[in-house]
Amino acid sequence: MKIMSVNSGSSSLKFQLLEMPQQEVIVSGLVERIGSNQAVFTMKTKDKKDKQVLEVLNHQTAVELLLDALIQKKVINTLEEIEGVGHRVVQGGEIFSDSAVLTEKTLAQIESLCDLAPLHNPANIISIKAFQKVLPQVFQVAVFDTTFHQSMPAVNFLYATPYYWYQKYQIRKYGAHGTSYKYITEQMQQILGKKNAKIIICHAGNGVSLCAVDSGKSVDTSMGFTPLEGVPMGTRSGNIDPAVVKFIAEKENKTVACVIDDLNKKSGYLGVSGISNDTRDILASIKEGNQQAILSHDIQVKRIVDYIASYYVLLKGVDALVFTAGIGENSSFFRSEIIKRLSVLGIKLDEEKNKVQGKQELITTFDSAIKAFVVPTNEELAIAQDVLRLQQNQTNQDKDDQQECFCCCG
């Protein structure tokens, strides 16, 4: 069956059409700059890539555009071939501990969580409604970034703030990148042959977070109430003293919102280096001896190592350290700098194997006390897998209900 995975932002819509359960990517694409007359629509199949610039004023138009293109390019013959749609939703709060079939009730619940993710959930909802309008009979599912972390114990997700903040406003750690962590966890359980494996995962892209996993469940993660908490990233500061916000607001004559915006969009690699938020630019500048680039990278690596060491203690040992996402999968320098700083734990890097890019590989030596792996993530596939799982569950439930009705009435 054909399932579409969708990841929508406020001005973008990323999609992938997969044949399931074969896990075959049929087509992928992206609509950027939604809301303008200079929107960019890119669609890629196995052997061809098309790109056009056109007017796309809203998400509804973007959805209609991509679905029309699938038919025009003969990727599918009719829309009826699409049997499921999975939507990435950033914030599921404490309401959702699993992906959810999209109904009027679940959509209303997602809308109720917009305060917790004002930049993301509204855009996710707009996209969901656009797909529901064009594909009203198609099975659709919300897959949340936060659900994987709902297994964290209170001691790990609560802040030491007035408790009523949590009771009244749900102030707590929610985490992010949960879909990626769930996928990597399942991959590692297969690789290690252990369901009860203790794993530390470093998801490093422009956004960076870490997760401690025990027996398939998240027990702690670095991102918090928002993705701003944790380690420095491309443009995010990571952890800072909260008093800095008030101090800078007063000194720079800015609102608190403006300072938070600076911490989200003008900090991290970009803020410290003054060069770029892109790791490739930072690494190129490091090779040239740029001290600010070196410093920006060292700060990030130091904070990542802090989390790994903390999670090692939390888990009381670890079976594997995993690097994934854009930087984690492709930067041998990034991985090397982290592992070197963890030598006290007995982890030993295999320099030759560490040259791998974008492929699964064990990158530590045979006598390393901890195994370290590169494992590519695949969030689009993970979303499609959840759609397939929930659809099969619903089909089985419908059969059980019919059987029960037959027995009662017969």
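Going from the start of the chain as shown, residues are counted 1 onward.
Note that Cβ sites are derived from N, Cα and C of the backbone, with glycine treated the same way.
Taking a C-beta cut-off of under 8 angstroms and a sequence separation of 6 or more, GLU379 (Mg(2+) binding site) has the following same-chain neighbours: SER5, ASN7, ARG88, THR179, SER180, TYR183. According to Swiss-Prot, the Mg(2+) binding site annotation covers ASN7, GLU379.
What Swiss-Prot lists as ATP binding site is LYS14, HIS203, ALA204, GLY205, ASN206, GLY207, ASP278, THR279, ARG280, GLY326, ILE327, GLY328, GLU329, ASN330, and the listing cites sequence analysis. Long-range Cβ proximity for ASP278 (ATP binding site), meaning a same-chain Cβ under 8 A and a gap of 6 or more residues, is found for ASN206, GLY234, TYR269. ASP278 (ATP binding site) carries neither a helix nor a strand DSSP state and counts as coil.
Cβ neighbours within 10 Å of ARG88 (substrate binding site), excluding its own Cβ and spanning all shown chains: 22. What Swiss-Prot records for ARG88 is substrate binding site.
The annotation active site, proton donor/acceptor is assigned in Swiss-Prot to ASP145 on the grounds of sequence analysis. For the recorded site, ASP145 (active site, proton donor/acceptor), the DSSP three-state label reads coil. Within 10 Å of the C-beta of ASP145 (active site, proton donor/acceptor) we count 25 further C-beta atoms, all protein chains included.
Look at Swiss-Prot and you will find HIS177 (among others) tagged as site 'Transition state stabilizer'. In sequence order, ASP145, HIS203, GLY207, SER209, CYS211, THR221, MET223, ALA325 make up the list of same-chain residues 6 or more apart from HIS177 (site 'Transition state stabilizer') whose Cβ falls under 8 Å from its Cβ.
In this structure, ARG236 (site 'Transition state stabilizer') belongs to neither helix nor strand by DSSP; it is coil. Listed in sequence order, the residues of the same chain lying 6 or more apart from ARG236 (site 'Transition state stabilizer') and placing their CB within less than 8 Å of its CB are GLY207, PRO227, LEU228, LEU263, ASN264, SER267, GLY268. As annotated by Swiss-Prot, site 'Transition state stabilizer' applies to ARG236 (among others).
Within 10 Å of the C-beta atom of LYS14 (ATP binding site) sit 17 other C-beta atoms, taking all shown protein chains into account. For the ATP site listed in the record, the two most distant Cα atoms among LYS14, HIS203, ALA204, GLY205, ASN206, GLY207, ASP278, THR279, ARG280, GLY326, ILE327, GLY328, GLU329, ASN330 lie 23 Å apart. Look at the Cβ of each of the binding-site residues ASN7, ASN206 and count the other Cβ atoms within 10 Å; the largest number goes with ASN7. Summary: among the binding-site residues (ALA204, ARG280, ILE327, GLU329), the fewest other C-beta atoms within 10 A of the C-beta are counted at ARG280.
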